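Student: I am attaching a structure below and will ask some questions about it afterwards.
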Amino acid sequence: MIQVLLVTICLAVFPYQGSSIILESGNVNDYEVMYPQKVAALPKGAVQQKYEDTMQYEFKVNGEPVVLHLEKNKGLFSEDYSETHYSPDGREITTNPPVEDHCYYHGRIQNDADSTASISACNGLKGHFKLQGEMYLIEPLKFSDSEAHAVYKYENVEKEEEAPKMCGVTQTNWESDEPIKKASKLVVTAEQQRFPRRYIKLAIVVDHGIVTKHHGNLKKIRKWIYQLVNTINNIYRSLNILVALVYLEIWSKQNKITVQSASNVTLDLFGDWRESVLLKQRSHDCAQLLTTIDFDGPTIGKAYTASMCDPKRSVGIVQDYSPINLVVAVIMTHEMGHNLGIPHDGNSCTCGGFPCIMSPMISDPPSELFSNCSKAYYQTFLTDHKPQCILNAPSKTDIVSPPVCGNELLEAGEECDCGSPENCQYQCCDAASCKLHSWVKCESGECCDQCRFRTAGTECRAAESECDIPESCTGQSADCPTDRFHRNGQPCLYNHGYCYNGKCPIMFYQCYFLFGSNATVAEDDCFNNNKKGDKYFYCRKENEKYIPCAQEDVKCGRLFCDNKKYPCHYNYSEDLDFGMVDHGTKCADGKVCSNRQCVDVNEAYKSTTVFSLI
């Protein structure tokens, strides 16, 4: 039996809590200083590794003791991992660096079933962990004493006030343009959640802007990428996907394509380059470009949808937008999700009350959870598209092994795997056999509680607005009934708006969303710009032509807001809908925007009663 080294590290909290400090993540308000003290006891005859297979940390967070278990991520690299950069004179330099004894770990908090951790132990402890639903970051402090570490909540990192950042994907239907429309398609049963094992061999390309940003420090760039993939690998475990980094290319001399702010153009160019150049020099399943370019509008990432294994389209582009590694990792995970056939989440998609990773806007803090909808779409993608390239594990690795009950990976023949019996936190699962207990009715869902259906009448989805209707469990299913809402056209918000698909869209809230709390709706004269009929100001686009708004429709075109500094402020994006007045918005007394026209509310909704979102 192979003996595994167990290391215990006691973290002593420094006598004070800091109020503000500048760290790699940015300016941090409220942090704790800790000193890791490593105590190791090697079993007799054990071989010393630079980085142990497993480690355990005991420390306090907010005065409460926690135990953090870490396990080396042995699926992070393929054994034949290689990387390429370019010399100052343009020569290609390709190496196969040793990666077996690396320093990247996944982990969990003892007695917290929903906890996660992604940690680098290369030079101190650096990364993030989720504790009791809150995200914490940890990193070494750059004092003369190298043992000092800062631990702080993600929410305590100061962030610039700006419009929300979002994915640039606007068409997320299947290639046949036939979206999944039935609610039953978005119900993920316990059986469906036992996804088959899949492997994504990932190639990452780093553009020259990032090299410049890090002053040519390739070692620092590598560490940034390795931690990105460590987090991505951890997130995709919930879909039983192993993401292994097989190749890294750093454009240290110059970019190989024209990386530009037009995200659709950059995505197209990168796809062409991947097909014609990259695939010929390194086998892989999916390629992601990481860049410092500021894409047009609020876009921070874009990818082709349902494209995994396609020679050109199995790609994505990601802006290296944040100094927090977790944020960039989540963006790349999101774009890879599109490659796997997962569209953006709609209003009916849930993650147990937490934000979801496939929301079109990145949440704060960023989510590591796939929604019920995402899981159903991924399952459908596997069934309908049958992507062949992700069937096989990365070559020359020991990642593929016979099923092992207790390794927390769902493998062939297992119904569940919650770890060893002493560490299992999942009561539905018999840890000794990796089978579900015979009394289990459900494993997950809004109406599933401790493996049994919730009592009929238990509210499972609260009303989001006065236009929405709360839903309750039936007592016969783990899933919350399909979302329902009040009839479209019903007055709301004291007659400032009319209900539309469960919401009360008004311009004031749309301005708040785009430009922050100081913004309000602009004066009427600003909306007259929509009569111009150019690429910025219009009502509709037909046959590549911008159709100007008629006078009565000007408040159904581009949205104008007054943010004090600019009285006719607007937002432009490649997305035809972004920055436009939302459908269903009140444009005059008794009228709403419908198909970019200001029409009578009764005429707009004459055939509707109660709708359900899908």
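A Cβ is built for glycine as well, from the same backbone N, Cα and C atoms used for every other residue.
Given the structure is predicted, the values throughout are model-derived calculations rather than measurements.
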Student: So which of Q56, Q171, Q192, Q379 shows up as pyrrolidone carboxylic acid in Swiss-Prot?
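Tutor: Checked Swiss-Prot: the pyrrolidone carboxylic acid annotation sits on Q192.
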Student: With reference to Swiss-Prot, specify which of the listed residues C442, C460 is paired with C448 by a disulfide.
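Tutor: Out of the candidates C442, C460, the one Swiss-Prot links to C448 is C442.
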Student: Could you identify, going by Swiss-Prot, the member of C351, C356, C373, C389 that forms a disulphide bond with C309?
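Tutor: Matching partner in the record: C389.
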Student: Look at the disulfide annotations in Swiss-Prot and name the partner of C373 from this list: C349, C351, C356.
Tutor: C349
Student: In Swiss-Prot, C460 is paired in a disulfide bond with which of C429, C434, C480?
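Tutor: Of the listed candidates, Swiss-Prot names C480 as the partner.
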Student: May I ask you to report the DSSP-based helix, strand or coil state of C526 (disulfide bond)?
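Tutor: The three-state answer is helix.
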Student: Which ones are near D417 (Ca(2+) binding site): of the disulfide-bonded residues C405, C549, C561, which have a Cα within 10 Å?
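Tutor: Of C405, C549, C561, within range: C405.
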Student: Looking only at DSSP and grouping its letters into three states, which state does C442 (disulfide bond) belong to?
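Tutor: The three-state answer is coil.
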Student: From the recorded positions H338, C448, C511, C539, C549, pick the residue whose C-alpha lies nearest to the C-alpha of V404 (Ca(2+) binding site).
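Tutor: For V404 (Ca(2+) binding site), the spatially nearest of the recorded positions is C448.
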Student: DSSP secondary structure for H334 (Zn(2+) binding site), reduced to helix/strand/coil, please.
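Tutor: DSSP assigns H334 (Zn(2+) binding site) to helix.
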Student: For C556 (disulfide bond), name the DSSP secondary structure in the helix/strand/coil scheme.
Tutor: helix
Student: For N407 (Ca(2+) binding site), which of the three DSSP-derived states applies: helix, strand, or coil?
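Tutor: For N407 (Ca(2+) binding site) - judged by DSSP and reduced to three states - the answer is coil.
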Student: Of the recorded positions H334, E335, H344, N407, E414, which one sits closest to C561 (disulfide bond) when you measure Cα to Cα?
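Tutor: Going through H334, E335, H344, N407, E414 one by one, the closest to C561 (disulfide bond) is H344.
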